[in-house]
Amino acid sequence: MASSTESDFKTPNGVEKTLSPNGAVDVDYGATSDLHRTLSTRHMTMIALGSSIGMGLWLGSGTSLASGGPASIFIGYILSGTMVWAVSHSIGEMAVMYPLPSAFVQWTTIFVDPSAGFALGWAYWFMGWITVANELQGVVTVLGFWTDKVPTAAWISIFWVVIIFVNVFAVKFFGEVEVVSSTIKFTWIIVVIISLIVISAGGGPVGGPIGFRYWNAEPFINGFKGFLSVMPTCIFAMSGSEYCGMVAAETSNPRKAVPKAVGSIWMRLSLFYVIGSLMITIAVSPNDHNLFGGSGSNASPFVIAYRNAGIPALAHIMNAVIFISVISSGSVSAYAGSRNLMGLAHLKMAPSFFGKADKQGRPIASLTATLLVGGGLAYLNVNNSGAEVFTWLSNLTSLFTLFGWGMISLSHIRMRYAWKAQGRSVSDLPWKSWTYPYAAIWSLFWCILLIIIEFYLSVWPLHEASSAKTFFANYVSVVAILVVYAGARIYYRGAWWVDASTIDLDAQRRFYVDNDEEAKGGSGVKGYLKKSLGALTD
């Protein structure tokens, strides 16, 4: 019999639980795994942002500026920001109720189709370890800004050990490291925005006022095709923001942490990317020769802006921040890859030993596999023949982000459809998005459209002749996903969609005691904006 300070709670599955009503966080039932729930809202936010603000912004913006012009990159980041916002809402609603390892892979399997979940899971695990390898190679490139005397293999070995060190301890240590590195990046972005305003106004040691000179001269380069070529770069620069859904499995209180985190993530990413891209389009000419002839950090538009303004000290600090970003992104990719592999094992799509964690909540087997494969492949860049193989492997990840975002949005639509089909009320959701279904449809539409656009650019590339080599280099990721999906369809068979009326909406669900308005994140636009704006200062 429960005491006077406790109450009984029965889940829809008929499982009776005894709970404490004195502000209990949630019911100790559902969405359980060997992972430990020791992360907070700030950890969740910073881990997702740690993988989103990196090489894509610092270096990729230069390529986009040169190929599309200032207006294209600015509009591209605005559009990408709306997609992140839409995907974040889908993640928020599902991650509160289903905070699972490899969350979006499991959501896709449960609500869409096991074959799609299989393809997405292995694609994301591949993206995890290939990104680790990419970032280790990126470290070599960034450090080349200062010296080229150290052998490539030595740099790779040193920072491979660093990434292992960050991930090998309990997850809370990893979370604290990401909080520190992300704080450095946020602080520096603010410095960058302010300093570029000063430079554009003529406050630098070299050069006069710039104003909107480059916008007036050539806002769009290469016309509409140039704009289309910028969009994939903008999307990939923001990739990783979806990891907040995965981190929910190790968060102490998903009901409160997830809504605050998703609001904070899209607002910070959009704010910094949109304003940062605007300032770089004002301060750097799209025809600057360093955007074409520079290598590594020397081709970063931010480094170029500081050098052109006669402030080399800021260029060195910028390179140091790029270095921190690369290490952070590599660490987060190792984390995400290991959790994806763990989720695949839980779904019986990978060997079962990958689904286990030790007493400290570390998925040792999946983490070891991700770090070994990713770190080992980084050494392919030591020689030219290996570098060519590595480039092809890297191209496989180019469209995985769009595939992932699309599946998250589709899973949200299917989850709501199943919820309604089984006669449940939307008011029973522990947190509901006020944007449904429009945001989910918006992001799914753009994911499909951008994959089609990438096909167009692969067949008729910008400034290149059409060729089979160019097509497969740019579109091989889609081909790979289709092949894996087809193989999974043959294995699983069955209908193309999971029957909404038969989906078990409670099997992997987490149940909560407190269903008050605050726990649900408020209602309507006013409540959501209050949460989101407050999260900016969390």
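Keep in mind that glycine also has a Cβ here, set from the backbone N, Cα and C atoms.
TrEMBL: automatically predicted annotations, no manual curation.
For reference, TrEMBL has these:
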DOMAIN    43-493  domain 'Amino acid permease/ SLC12A'
TRANSMEM  46-67  transmembrane segment
TRANSMEM  73-98  transmembrane segment
TRANSMEM  110-132  transmembrane segment
TRANSMEM  152-174  transmembrane segment
TRANSMEM  186-206  transmembrane segment
TRANSMEM  226-244  transmembrane segment
TRANSMEM  265-284  transmembrane segment
TRANSMEM  317-342  transmembrane segment
TRANSMEM  363-380  transmembrane segment
TRANSMEM  392-413  transmembrane segment
TRANSMEM  434-459  transmembrane segment
TRANSMEM  471-492  transmembrane segment
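Remote same-chain residues near the transmembrane segment (265-284) are listed as 45, 48-49, 52-53, 57, 61-62, 65, 70-71, 73-74, 76-78, 80-82, 84-85, 88, 186, 189, 192-193, 196-197, 199-200, 210-212, 214-215, 234, 237-238, 241, 244, 291, 301-302, 304-305, 308-309, 532-533, 535-536 (criterion: CB distance under 8 Å, separation of at least six residues from the stretch ends). When Cβ distances are compared across the two stretches, the transmembrane segment (317-342) makes contact with the transmembrane segment (46-67), since 3 or more pairs at least 6 residues apart fall below 8 angstroms. A contact between the transmembrane segment (46-67) and the transmembrane segment (434-459) is absent, since fewer than 3 of their C-beta pairs, 6 or more residues apart, lie under 8 Å. Contact between the transmembrane segment (434-459) and the transmembrane segment (152-174) is absent: fewer than three CB pairs lie under 8 Å, with pairs separated by 6 or more positions in sequence. Of the Cβ pairs linking the transmembrane segment (152-174) with the transmembrane segment (363-380) and spaced 6 or more residues apart, 3 or more are under 8 Å, so the two regions touch. Counting residues 6+ beyond its ends, the transmembrane segment (363-380) has Cβ neighbours under 8 Å at 34-35, 101, 125, 128-133, 136-137, 153, 156, 160, 163-164, 167-168, 333-334, 337-342, 345, 353-357, 386-387, 389-390, 393 in the same chain.
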